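Here is the structure we will look at, set down as structure tokens.
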Amino acid sequence: MSSRGMRARPALALFCGLALIAAACGGDDEESPSTDAAVETTAATEETDAAPETTAATEETDGATETTATETTDGGGGAEGIDDAIHGTGAEKFVADLTAASASPLAAEGEPIKIGFQNPEGDPNGSFPEFSLAAEATVEYINNELGGLGADIANGVPGRPIELVVCKMAITPDDSQRCANELLADGVELVFSSINFFGNHFPTYAAADLPVIVITPITVGDFTSPGVYSIGGGGGCLGVHTGLVEFATTEFGDIERLGIPWADTPPGVVCYYDLEKKPVDVLNGSVPGDAERAGSLPNLTSLGVPVKPATPDVTPLVTEILDFDPQVIIFSAQGADCWNWVDGMGRLGWTPDQVPLVLSGACIDFEAMAAAGDLAKGIYFVGAPGAVLNPIDSIEDPRDRFEAEIYQTKLIEYGLDPAELNKGFATQAATGLMSLWSYGAQIAADGGEVTGAALAEKYAASAGDHLFGSTPLSCSTAPAPYVAVCNAEVSATQWNGEALVPVRDRFSGLDLVAGTEIKPGPDA
Amino acid sequence: MSDIIFFLLAGLGLGSLYAMLGAGLVIVYRGSGVINFAQGAFAMYGVFTFDEARRNGYLRLPWFDFLPTHTVNVPVSIKLSDEGVSTPVAFVLAIAMAVLIGLMAHFLVFRPLRSAAPLGKVIGSLGVMLYLQGVAQLNFGGTGRQPEAITPDGVFQNFLGLDKAYPQGAFWAVVLAVVIGAVLWLLFQFTRFGLATRAASSNEKGAVLLGYSPQLLAALNWVIASVLATLAAIIVGPIGGSLTPIGLSALVVASLGAALIGRLTSIPITMAGGLLLGAVQSLLGFWASKDWFPTILSSGARDVVPLVAIGLVLFLRGKKLPLRGTVEEKRLPLAPYPVRIKQHMIVWSVIVIVAAFLFEDAGPRSVFALALVTSLIATILMLSSVVITGYIGQISLAQLSLAGVAAFIMARMMADGAKLTPDGAVIPFPVSGPGLPWPIAALIGILVAVIVGVIVGLPAVRIRGVQLAVVTIAFAISLQTLYFENSKATGLTAGAPANVKPASFFGIDLKSIGDRGLKDRPEFMIFVLVVLLGAIALVANLRRNGTGRRFLAVRANERAAAAAGINVSRTKLLAFGIAAGIAGIGGVMLGFNQNDVSSAGFVYQASLAYLAFAYLGGITSVNGAIVGGLLAPAGLITVTGAYFFADAEIENYTAILGGLGMIITAIQNPNGIAPTLQPLFQHFGRWLRAARGPEWAAAGKRLGPTFVVGAVLGYLVWPLRVETYSQFWMPLLGGFLALMARGIYKQARAGGHGAPPGAHGAPPVAATTSTPAPAEVG
Amino acid sequence: MALLKTYDMTVRYGGLAANADVSIEVPAGKLVGLIGPNGAGKTTFIDAITGFTAISSGRVEFDGKDLAGMTPDRRAHLGLVRTFQSLELFEDLTVRENLLVASERPTWWSFLLDLVRPPRTSPALEARVTGALEALGLEGIADRLPMDLSHGQRKLVGVARALAAAPKLLLLDEPAAGLDTVESQLLGQHMRGFLDGGTTIFLIDHDMGLVLNVCDYIYVLDFGRIIAEGTAAEIRKDPAVIQAYLGQSAGEMQAQAGESVAARVSGTETGGATHG
């Protein structure tokens, strides 16, 4: 199940596809991974008029901080328009705390709490330094302004500083295990696993009953292992795939033909048959289900075409889909695979307004969208909302705008390189660490002692809790067997050439698969 | 029927890329006898240069700034213009970069390797691939970018009346590929250079006598191949998929298939083969989604095409596949007769057992326990390479896949369809299976690995050398898609990893994870040690008995072996079977160590890494496998390095350093580290046994001052490098470096006038026909 | 009964018939020679007999069995063992191991024993190997690698390797090439010694001195055809041989030189003059 479009890459040979992962998966999309990792940061492409600091780093940042500082003080004061019902429980307090903290920063004190961070870096088969860089910047921000873990900002009571222990691993099962062993030996209280293709680190953490927060879930272990909390928005293909079907069958009237290219990996097989094909069969009545829309589209048909990741030439597969003459095409993939598909469709004369295309949130990549030009104008994206990277003045929702300001200014202030800031994975790392902070604050508020176990309970008990830059967290409502999926709500946005315009907020397609058993394969 | 025709044509776009890369492989093989695994990497760097110049206006040279200072830097990035440069300029830059890379590859890597053994050339070309990928990762960043097409990118509506839209890009790619193929054919048929190259490829010595310099010819051929690779990638543009450092390398297998169809000699047949492969792959892609297509094949069909193509070529004209002899080809290093095996094993066992208990529950230091276990298991896997490549000279890149087969089969045999794990957690996708006890399950796993190993060995009956290596890669890839990723075959739905239940021995629980989660259980390490000692005994006995002698006879000279009554084909299959058995044992232990094995761990790239480290260690001796195991990724040496030099940001350079290490070893030290260290250890061992008080004092006097000076220097330097090296280790490191410098200085001075210590390297053997030398009498 | 018999054996490479209708007979216990100028098809003949090149027409019988379709290793098992003009020694094995490999006849399950038991060779095998080493005086260099030996020694190791296989018929392909007259006569004596051991020998060479002095019966091959056969005396005077060979005087002079040296050498104490 490719969470928010990120699906498992079981084979190292597929890692060349992995190295294509440009965009964040789920979480706060509109990330624009700058492709130029070389020291000279080129200006982000003109189209992404993201917040000023994306241009030359230094001088703009001070400029930006003054402006946003002034804005936040007056704008955020009343925290009006932020309502727990819409933005998740605890949203108001969260915004109020952050506003107070940026006015009078609270430094953390006391003995640091060790938090592990396992991240693949340096291996040409797959390297994502933006995860750890953003995490380190967020930890600096938390330790210097938000009083560390378990702080009570309202009364100025500091909590313990976070000590982030980063283990950089190569893309091999031995190295994934080495990191798990190393972090455990270092005595960390809780571990963040950014992205891992093997899942062989979970047994090590489980044996020491250490909670694991997975930032970008992709393997089946990320969705089903107990003691693991996948906070990547849309909870993998559970949220994204069902959301894609829900959106495609409602946004464009009663359609009859749905084209579904799907990522052909072992987990991808289940994601397609169980969470895309089955919902379509529920809608056309051929499979009984408890959804209220069951059977509402009797002549809805679909054509599934398997697309192996990193397939160089997709035009034959695109021809199959276009020959089906679909009214809507949905494709849940990640990184460059999405844009290789869009490019392939473009080469066969397709345009977004001819047949609407709905991609998964993991495909969002400002650079690639700019490069695709008009071919990308009009493409829909279904994934976790929270436009943390959108240009601040283009965001109406007060909470989104506030969180976008925090993300785009504070992280730069605490050492994150602007080239990394625009990357989707960076936003997800920030989401993970901020959620840790907010739960730490809640534990301290209830008088408890901030430990790994206490934090784990908070995650486990979460239901519709506010999550910085993403859909609300609700691990407790995760349906079996996807017990580790913490937020299956998604939202839809459309790329209009400059920014991602929200089309539909917080919805979920889970209901489509309600009352049906698992259908893991074609004939099963 | 029109669908079939259309989809065959639709595949020609990618087919033209296979064709041009395949032609490049033929040109390089004819030019210098090297199968260039780095051909995809050449194409990748060339097209990245083209794209970077057009998009950002930068030229990135293919190396990295290794000078630590910020003032004096090695020029890497050259800014040409603020936004991108024009397409023609970028095109010229890309071709110039291709010429540069071709020349660097020839003069810096393959010219020194011109008379190396085939394995040395394979390791050299893998080193170049890894180096280019590492540099591309550093210079262009790892995230993929969509290449822009330079050919007209429109669409032919209703192409040839098949009422389907056909991309113009593919049409132009095929046209240009055919044009380039014709030009190359003319070049090699009707020019003196072409004639000389073809002459040198069939008889290098003859060409030398005629006054041609094979090295100049080889250099020109490398440049042509490199330019061709870049040209292909640029022409094909988006059809080649998005640009990543390892993107195009994955296409090398299909292009190798095309090159083998052209028997590594004929460019037109190779290009036709490439186009055919692309077309068939596209057709299979179309059929795969049809319901009548067997679902067991549906996902793997495309990847199996190269293997089937190669298989057909082998059995149609296997015997006649030419082996390009060079003027004088060094042999694989000698496989020394294992001596004093018992003493070696006892010494190693004592060290490991002491380490096992030392590292248990030792806080941060307990990471060494897992590192040692990983090294011991890597040694078992490398012993299988010692048997199949060291003893009988067959280069196999499928050994790790065979280990994977053993691990997966064992897991399946152990599975009993349980819905809950022993400690009550829900298993989302239960795996059905006979639920056999671990010894039987392991045995079945190993036996299946042996059977698959013999099947992988079948082509070895007809082809040898580097061409066999290509076939084993194709096998490894097919095993990956047909078995590991195939839920029907493994019973593992949704890509769930295969769970391996821990072993136990008469009540002693041998699980690898300690009760506090750390992997530092001495019982497990000793279990791995015992299995390793068994594997070492197997290999040592093999070498010392008739079977091992027969392997070495076949490696030395297949003709003479046949004349001496050895059935060469059956002996090769026996070697593949035994090596697969040892790899199976390694796979079983890998399963026990990792508890959850996923198909991601057994891809052919991982086999490449293990073969490379086995080669670094010394491919022909048990000690070589031990040293190779220590060097393996996540092994003892890398973890120790990371532990003491924690903050040195070296992980961004691992691929580059790995590539360079392989190239340097292939050139400087083809025998590997173990044989060169062996005399040192023996000398030191003998001195240790003989030394008593006075000798120690003498040694102390001789070495003491140098060590102290080194230590003091280390301590003084420490503040400057505070962040990377810990204060406690710097003096020790300084002292050690001082001793090494003294040793090298002494050896250089001794080498000056004394006879250099007996080179243990493989002495050059006279060319096959030994010219009669005057007989010495008496 | 003839140990080896060929019936009109023809070997064709494209249009060229390297061997045309060659019919020869090697009686058991005899030392039969085959001489012919360079390029006469001698090596093609021995390759055809030992299965390395296919026979275009005709038959080869060895020890009463037709060898058609048999692989070289099957023929070696029957006792038809050859040496190579280019030696083709196993460079990666010591001299002793070269001989052990050539003389071992493993059963299909012996690899299982080899994997588990420490090094042990059967006494019979050991005896054959030591016998062959002593026969050619190579005990001193038994544990050295072929690449460390002189050319003469390598030649002897080649012969010893074939001898160690206790062959019924020993095919020697130009064993004297590269040896001076003294050494080749010494080798001739060795060969006579082997006959007593029950081995039949088929000697192929272009060194007239050696062949004419050592062989009981000689065939002469020229341009792929047998142009003469008979005892050494008949061959020496046969006009066709002289014509085809090196012209009248050269053939005669070489024969006489061989005779004088043989007389002198047999005067000194015999036994393998070690070439160490």
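Residue numbers in this text run from 1 along the chain shown.
Keep in mind that glycine also has a Cβ here, set from the backbone N, Cα and C atoms.
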Of the residue ranges B:32-52, B:242-262, the one that TrEMBL records as transmembrane segment: B:242-262
Transmembrane segment range according to TrEMBL, out of B:465-484, B:545-564: B:465-484
Selected stretch (most C-beta pairs under 8 A with the transmembrane segment (B:573-592)) from B:242-262, B:269-288, B:339-359, B:365-388, B:524-542: B:365-388
Considering the transmembrane segment (B:339-359), which listed stretch of B:242-262, B:365-388, B:524-542, B:612-645 counts the most C-beta pairs under 8 Å: B:524-542
Interface check, the transmembrane segment (B:612-645) with the transmembrane segment (B:365-388), three or more C-beta pairs under 8 A: yes
Tertiary contacts of the transmembrane segment (B:728-745) (same chain, 6+ residues out, Cβ under 8 Å): 644, 703, 706-715, 717-718, 721
When counting Cβ pairs under 8 Å to the transmembrane segment (B:242-262), the leader among B:89-110, B:169-188, B:300-318, B:365-388, B:524-542: B:300-318
Closest-packing stretch to the transmembrane segment (B:365-388), where packing means Cβ pairs under 8 Å, from B:89-110, B:300-318, B:524-542: B:524-542
Tertiary contacts of the transmembrane segment (B:524-542), as residues 6+ beyond its ends and Cβ separation under 8 Å: 338, 341, 345, 348-349, 352-353, 355-356, 369, 372-373, 376-377, 379-380, 383, 386-387, 391, 503, 505, 510-512, 548, 551, 578, 582, 585-586, 589, 592-593, 622, 625
